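Data block below; observations after.
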Amino acid sequence: MALQGKKLINNPDDVVTEFIEGLVETYPGLQYLDGFPQIKVVLRADVVGGGYDKVAVISGGGSGHEPAHAGFVGPGMLTAAVSGDVFASPPVDSILAAIRAVTGTMGCLLIIKNYTGDRLNFGLAAEQAKSEGYKIEMVIVGDDCALPPPRGIAGRRGLAGTILVHKVAGAAADAGLSLADVAAEAKHASEAIGTMGVALSVCTLPGQVTSDRLGPNQIELGLGIHGESGAAVVELQPVDVVIEHVLKQILSQETQYLPITRGSNAVLLINGLGATPIMELMIAARKAVPELQLEYGIAVDRVYTGTFMTSLDMAGLSITIMRSDENILQRLDAPTKAPAWPVGSEGNRPPTKFPVPVPPSPSMKDDEILFQHQELSKQGRILEAAIEASAKEIIDLKDSLNEWDSKVGDGDCGTTMYRGATAILEDMKSRYPMNDAAGTINEIGATIRKVMGGTSGILYDILCKAAYASLKQSTTITAYEWADALEASIAAVSKYGGASAGYRTMLDALIPASTVLKQSLKAGDDPVTAFIASSEAASAGAESTKQMQAKAGRSSYIAPDLLASIPDPGAMAAATWYRAAALSVKNKLHASES
């Protein structure tokens, strides 16, 4: 029987903001941007206002990996860190706030782990910042060595080796190098690392039940850092045997993930995943160092053992090997005051909060968007009913989505979609211009962007923005314009997310829906019949994902046999809201005709 996980927390929804508040109270060299809870950015207390005369180095990602990333903010390392919700990529507005707060004339380097949500959100923020005149470069770290290539479009995951890239880039920036040179050193470092993890337990997300996926005598090899299934489950073995296996995998000549050979020099990082005693980490280090030197002929220049990048309360560890040279060692040895790097912290305590203005979203102006008193047209009432029905169906599907996602992803799909659906129901009361279909779709995107975060949030925001761009070209919105908008949305999501039909994503529900909708309308069917038929195609498409091998998203890291018979949660969510909208339109029109 699954049990509620025990946590020393207050409200599960507040864990990230309260962590940040405690962090800046503990370390006087850190501050956070005003704008809680939406903006979750930790920055150096001595770098504010855009007057910094060196390259700013910014990283971030979903929370739950503490001390990463905020714990590595400080002179000689990161200039700022951007936090999303637990295991969810931070939203674009937060990333932009960080860039604006600390970037001076020398420019900014963004360092991100290779996850779709991070690539999309940081990428969009980078493009926006460039349009505002900032100099921006980006380095993506993918150091996972657990899974054989290829990994579809997703690529190798970013793991604990990212911390070493932070240190190299931060030291290079602190030395006064140009943006191009700092980015080059960070990229060189990112190409010289390999990591693999081992879990003894599954992490428990705040407010959720503890998974019983691993038995009492089982361990998981090659896990990620978001609670997703590993490459293999094996019986618990002595740590020396485990370390031998991990090193063999990282140094595999078959995959050649790590460009290192006998006679090379290396840096070793032994990283605890959240609930591993330092005693066990040191026992692992005591085996790993002589194993590298005697069995592989690799000289170990530096050893870092501790907790650097976790997966909440997961018991286990990861091992990172980094090919070293004189310049990398110089960067790693350079002084830093980042609190989570093995150094002390000193200095007077400044105010913990520094107010940095965050530009409001241009589509969310309270004094302009007050539509609660408008008299709805027939089309406006139909649109309102469809949106309400879709949101309520997603709310009811929350637990099922989380259950599916716990088996093929990181277990929060239902929670994320629920957050978006409840916000839509709230905002539609006063913010949506229901008589303006294009404007309403645009505002739904703004709502989603504000509350959902992660990959799902930005993909749905992109979907809404593309639909808005298509719809606003027409003065009269008919079924044909809606069909064109759906087609444009799918094209945009595919372009920026990289997925297409058969990749086991929400597009496997939306693409069949779009195809059938266009075909049915072209054949002369009335719009309601066409909408219902396309919704049935969406449901069938979502169900078909049970037989698909994932080529995008976190499911692409999971063995195909573990995906069998489990539908893709994103596809099921898309089919559910689409079907609810179609049935609502049908019922609303029939009610008006009777």
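Yeah, the Cβs are placed from backbone N, Cα and C, and that goes for glycine too.
Feature annotations, reproduced from TrEMBL:
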- HIS226: active site, tele-hemiaminal-histidine intermediate (ACT_SITE)
- GLY62, SER63, GLY64, HIS65, LYS113, ASP118: substrate binding site (BINDING)
- 11-341: domain 'DhaK' (DOMAIN)
- 381-583: domain 'DhaL' (DOMAIN)
Measuring Cα to Cα, how many angstrom lie between HIS65 (substrate binding site) and HIS226 (active site, tele-hemiaminal-histidine intermediate)?
9
When you average the Cβ positions of GLY62, SER63, GLY64, HIS65, LYS113, ASP118 for the substrate site, which other residues in that chain have a Cβ within 8 Å of that mean position?
GLY60, GLY61, ALA68, HIS69, SER83, GLY84, PHE87, ALA88, SER89, TYR115, ILE225, HIS226
Listing them in sequence order, which of the binding-site residues GLY62, GLY64, LYS113, ASP118 have their Cα within 10 Å of that of HIS226 (active site, tele-hemiaminal-histidine intermediate)?
GLY62, GLY64
Counting other Cβ atoms within 10 Å of each residue's Cβ, which of the binding-site residues GLY62, GLY64 comes out lowest?
GLY62
By a simple count, how many Cβ atoms lie within 10 Å of the Cβ of SER63 (substrate binding site), its own Cβ left out?
24
Considering every residue in the domain 'DhaK' (11-341), what is the mean pLDDT value?
93
If I restrict to non-local contacts, at least six residues apart, and a C-beta distance under 8 angstroms, what lies near ASP118 (substrate binding site) in its own chain?
GLY60, GLY61, SER89, ILE112, GLY158
Among the recorded positions HIS65, LYS113, HIS226, whose Cβ has the fewest other Cβ atoms within 10 Å?
HIS226
In Å, how long is the longest CA to CA span across GLY62, SER63, GLY64, HIS65, LYS113, ASP118, which the record gives as the substrate binders?
15
